[in-house]
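These come from TrEMBL:
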type	residues	note
ACT_SITE	Glu397	active site, proton donor
BINDING	His157, His159, Glu163, His202	Mn(2+) 1 binding site
BINDING	His337, His339, Glu344, His383	Mn(2+) 2 binding site
DOMAIN	113-255	domain 'Cupin type-1'
DOMAIN	292-433	domain 'Cupin type-1'
REGION	25-56	region 'Disordered'
REGION	79-104	region 'Disordered'
SIGNAL	1-17	signal peptide
Amino acid sequence: MRFTGSLLALGIALVSAVPLQDSPRQRLLDGKPLPSKYRTRSVSVTDPYTPSYRDPYDTAVDSVGEGLDPLPFRNGQGATVLGPWNKDRSRQNPDLVRPPSTDHGNLPSLRWSFADSHIRIEEGGWTRQTTVRELPTSVELAGVNMRLEKGVIRELHWHKEAEWGYVLEGNVRVTALDYEGGNFIDDLEKGDLWYFPSGIPHSLQGLGDNGTEFLLIFDDGSFSEESTFLVTDWLAHTPKSVIAKNFHLAPEIFAHLPEKEKYIFQGSQPGSIDQERPEGSNVKKSKYQFTHKMLAQDPKITSGGQVRITDSKNFPVSKTVAAAHVIIEPGALREMHWHPNADEWSFFISGRARVTVFAAEGNARTFNYLPGDVGIVPRNMGHFVENIGDEPLVMLEIFRADEFHDISLFQWLGETPQRQVADTLFSDDEEARQKFLDAIENPKKDEVTKGTEAQ
């Protein structure tokens, strides 16, 4: 019995050591098709990721919404993947797996996901950041995503950089002291902004049952949350005799100050602003308005969505950050344009997008974005944002600038002598020439356009 068992074990070992000639991998290596039982998804003549599929117009594919697994096939070219393959990542980036035929040349990465950022976990909250260290093209701005539970405080602090904040969810109280010694307190909700210039001391506290989550923007891509000036950190590194002299008290009063920074911590529940506002003959309110209700602005309604712009024109204190809140309906397009005065730092709140960035010299690259992703478009580089999903695409366009500026390709061509435009684009096609000139005649800027195909 032992002998028979040994032979059986040897036979199993030999079989396992010999490659299976009809395994999926071997069939692919031999150029043979996979039997249907090995296919991870159904394949049809309209499947865009097959050798037989043809699309001369590079139409967008929503691989996430349609549950497709992108493969590197395009108009009869390409091949299957035999090596390691991250299906989830590929599904999130279909235009990197199968780029449009118009992509060409080399561009650095212009995409990062906050999901790939390290999270610092604290008492009742957390924070993560996207800076030039995570995304090397993020040179002009840095972003921080922060969460504070009910009553949790982002402690009293200040920065070398200016801070711009957007409330993603929930409610938050902000406090500050201006350059002239005036105090500021306000309670904010989803869609509200704040802006604190460089050096302005401030604090944040989560309100309501669920606290808050917000996006912070700093006007330097090399910013780090770890470099914040914290009041607890300063006092922990100052002699008690000096602290006592500064506050006109005995040194023993400060015997139990925090030994290190508190950063994010659970605080007591705040009262109303009127209950908590400091009082006294030497106390004064700030004359500056450090907050703004962005989503309360009347939007510009376009054929394919909505646009709200907040910059120093309607939020005067915000001297170094300008922004647009953009809603793009399914199938619509943030029109082809560029920004002449700053890099664009995009934050995607909801929906699914593809963006092609044109960098001159024949260079263009397409990227895909999901909620929580960050995109960079260097100044003056042409681009569009297309909603490829089945829900509204909501995004923030943010700039290190005092005013928002963009230049529309549609408007530019429509307001250029038509002979020059036609000679440039349609010198050999009279019929197309006339149709195009009719389309751009008397142009109206349409920041988010529905387009003929989406109508």
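A Cβ is built for glycine as well, from the same backbone N, Cα and C atoms used for every other residue.
When pLDDT is averaged over the domain 'Cupin type-1' (292-433), the result is 98. Counting only residues at least six positions away in the same chain, the Cβ atoms of Phe196, Ser198, Gly199, Phe218, Phe223, Ser227, Thr228, Phe229 sit under 8 Å from the Cβ of His159 (Mn(2+) 1 binding site). Counting only same-chain residues at least 6 apart in sequence, those with a Cβ under 8 Å from the Cβ of Glu163 (Mn(2+) 1 binding site) are Trp194, Tyr195, Phe196, His202, Leu216, Ile217, Phe218.
Separation of the C-alpha atoms of His337 (Mn(2+) 2 binding site) and Glu397 (active site, proton donor): 13 Å, rounded to the nearest whole number. When other Cβ atoms within 10 Å of the Cβ of His337 (Mn(2+) 2 binding site) are tallied across all protein chains shown, the result is 20. Counting only same-chain residues at least 6 apart in sequence, those with a Cβ under 8 Å from the Cβ of His157 (Mn(2+) 1 binding site) are Pro201, His202, Ser203, Thr228, Phe229, Leu230, Val231. Those same-chain residues not listed among His337, His339, Glu344, His383 yet with C-beta within 8 angstroms of the centroid of the Mn(2+) 2 site C-beta atoms are Trp338, Val377, Met381, Gly382, Glu397, Asp406. Taking H, G and I as helix, E and B as strand and the rest as coil, DSSP gives the domain 'Cupin type-1' (113-255) the counts 24 helix, 70 strand, 49 coil.
Long-range Cβ neighbours of Glu344 (Mn(2+) 2 binding site) (same chain, at least 6 residues apart, Cβ-Cβ under 8 Å): Gly375, Ile376, Val377, Arg379, His383, Glu397, Ile398, Phe399. Apart from the site residues His157, His159, Glu163, His202, the chain places the Cβ of Trp158, Phe196, Ile200, Pro201, Thr228, Phe229 no farther than 8 Å from the centroid of the site's Cβ atoms, the recorded Mn(2+) 1 location.
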